[in-house]
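Listed features, source TrEMBL:
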- 21-39: transmembrane segment (TRANSMEM)
- 59-81: transmembrane segment (TRANSMEM)
- 102-122: transmembrane segment (TRANSMEM)
- 142-160: transmembrane segment (TRANSMEM)
- 180-209: transmembrane segment (TRANSMEM)
- 221-240: transmembrane segment (TRANSMEM)
- 247-265: transmembrane segment (TRANSMEM)
C-alpha cells in the first residue's frame, strides 16, 4: 500500500512538472473553459457565431482561427517539451515519454472542441432552443459539424505527421524529436517561427493602436482565438527563454503589473472630457460653460407645445440596460412610434410630432446607446420615423465587440506592463466604433460634444431634441452619476446621486457619456473622471465611473425625479400635464410590474403577456460560501424592481376616464422564437425577431392612433 501511495505521489510530481513549461497554454485553455462555463455574455458569443449570425465569411474565419489556435498550442507545447530544464528533472523521466508525446496533440485538438462546447453550453441556457425555420436548423447543425471536422482534421494531421517523421527518422537513423539543452538548438525553423510570431505580435499591436477596428468583419470569437494564439506562442517562447535560466517570468510580470496598478502609474482609462482628448491624457481646463439651463429649457418646451386651457401630453421614456440588444430594441420601439404618428401627423419643419412631444428620457447602459442612436438619427434628413428606424438599425448592426477584444488583448494587456499611460484603452475603441458606424450613416453627433445637440442660432437652447439623461455609477460611493447636456443644477434634484455636469466638461463627446453609462463587467473598464476645474467646492475632485446598472438597471429612479421637476415647473406656469410613460425593457426574465395585458384596452397601462423565463440564480440553491455573493448581486435586480414599482405608484391615473390621466406602456422583450444575445454584437435575424415581437405582442396600430389623437388635440391653438 505504501509503495502504491509513493507511486501516486511520484506521478503527481511528474504531471505537475510537465505542466510547468506549458503553463501559458494551460492558463489560456483553463481561463477559456471557466469563462465558457460560467459567463453568460461569453456563451452568447457562440450563439451569435453558430446560430444567429448569417455571415458565412465570419464562420470561415471562426474555422480558420480555431485551427490556427489549435496548431499554435500544439506547436508551442511540442517545442517546450523538446527542451531540457535543470530545475524540472521529471521532464527527463522516460516513463513520462507518453505524456510529452500526447499532451501537445490533445491540447491542440481541444480548441475546436471548446468552441463546440461553448455552443452547447449556450443552447443549454436557452429557454427556446428550437429554430423557427429549417434553414436556421441546417445552419447551426452544419456549423457545429464543421468544427468537429476541424478537430478530426487536426487528429489526422498529428497522426499522419508522426508516421511521416518516423519513416524519415528510420531512414536517417536518428531520433524523431531529439531533446535539446538550449533554445538555439531547437533548430532554424522553430526559432524562425517563434521570432516571426513575436514580431507579428508587435506589428498587430501597433496596427490596433492606430486603427482599433483592424479585425472588423472577422467576428469576436475569431479575434479571441487569434489573441489566444499569440498568448500561447509569444508567451510560451518567452517562458522557454526564462525557464532555461531559472527566471520566474510570469511571477515577475504579475508583480510588476500589480505594482504599476497600485501606484496608479499606468491608468489609461481616463474619461475623455473633450473630443480631442485621449484616455491616457489628463484633461485641460474647461472653457466657459455654454450649456443651456434645464429649467429654461423646460419652460421653453412647455410654452412652445402646451396650452394652459387644456391638459398637455408629455411623453417620457426610461430604457433599461442590456448591451446592444437593449440599444436595438430601444431605437426600434421609439422609431416605430414615430413612424406610426408620422402617418397621421406628418413632420412639421422637419420635426416629427412624436419627437416634438417627447420631453425627456433616462437611459442605462445599452439603453443609453439606443436613445442616442434614435435621437441623432432623427437629426439627419428626411427626419422621419421610418428613416430613423432604418438608419438606427444600420448603425447598430455591427460587431462592436471585436474592436473591444482586439484592444483589450493587444493594447490594454500591453499597457499593464508599461510605466506611464501611453495608449488609448478598449473603452475608446468602443466609442470610436460607435462614432464610425454612425458617420457611415451620415450621423456625426456621436463624435461631437453632447451639448452641441441643443445649440441653436438664438441665445436659447433648442427644444427640438429631447432632454437625455444617461445614468452611470460611482465606484467609491455607489451613487448614481447622472449625465445630461445642461449646466449644473443650482439645487440638486437627484437623491443619492451626483449631478454629472459639475464634473463633466461642456465639450464632453456624446459617445463618451454613453460609454460612461455602459462600463460593465470588464468589457468596458471603469473610467477615471478627472477635471482641471479649480472649483474648490468640487468634492470629490476625482471619481471612478462604472455602468449605471450597478445602482439599478431600469433608469426609472432618474425618470421619476425628472418628472417631478418638470411637473413643478409646469405647476408654476399654471400648465396642467399628463405623462405618457414608455418603459422599455429587454430582459425576458424580468418580473413584470404592469398587470395589464389586454390589447383591446391598452389604457392606462399595458404590457405584453410574456411567460417569464426564470433567471439562472433562481434555478439553484447555494452553499454558505456563495449564497451571500449571489444575494448581493441579485439586489441589483431587486433595486430595479423597486424603482419600477415606485414609478408606477407615482403616476396619477384616471380609472374612470383613462384618457384624462397618466399612461404607462411597458415595452418589453419576451423569450421569443430566436436567441436574443446580450453583448456588443448583434445580427440581422435578431432585428427580425424584435420586429416580430413588436408587431405581434403590442397593439401598435391602436396605440399609435390614440397617441396621434392626443398630440393632435394638444397642438390645436
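Keep in mind that glycine also has a Cβ here, set from the backbone N, Cα and C atoms.
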Legend entry - Same-chain residue ranges lying at least 6 outside the transmembrane segment (142-160) that approach it to Cβ under 8 Å: 49-51, 59, 62-63, 66-67, 70-71, 74, 105, 108-109, 112-113, 115-116, 119
Inset, instruction - Any chance you could find the range in 21-39, 59-81, 102-122, 221-240, 247-265 with the most Cβ pairs under 8 Å to the transmembrane segment (180-209)? - result: 221-240
Legend entry - Result, the transmembrane segment (247-265) in contact with the transmembrane segment (102-122) (3+ CB pairs under 8 Å): no
Legend entry - Distant-in-sequence neighbours of the transmembrane segment (221-240), which means Cβ under 8 A and at least six residues beyond its ends: 21-25, 28, 32, 45-46, 49, 58, 61-62, 64-66, 68-69, 72-73, 75-77, 79-80, 83, 111, 115, 183, 194, 197-198, 200-201, 204, 215, 249-250, 402, 405-406, 409-410
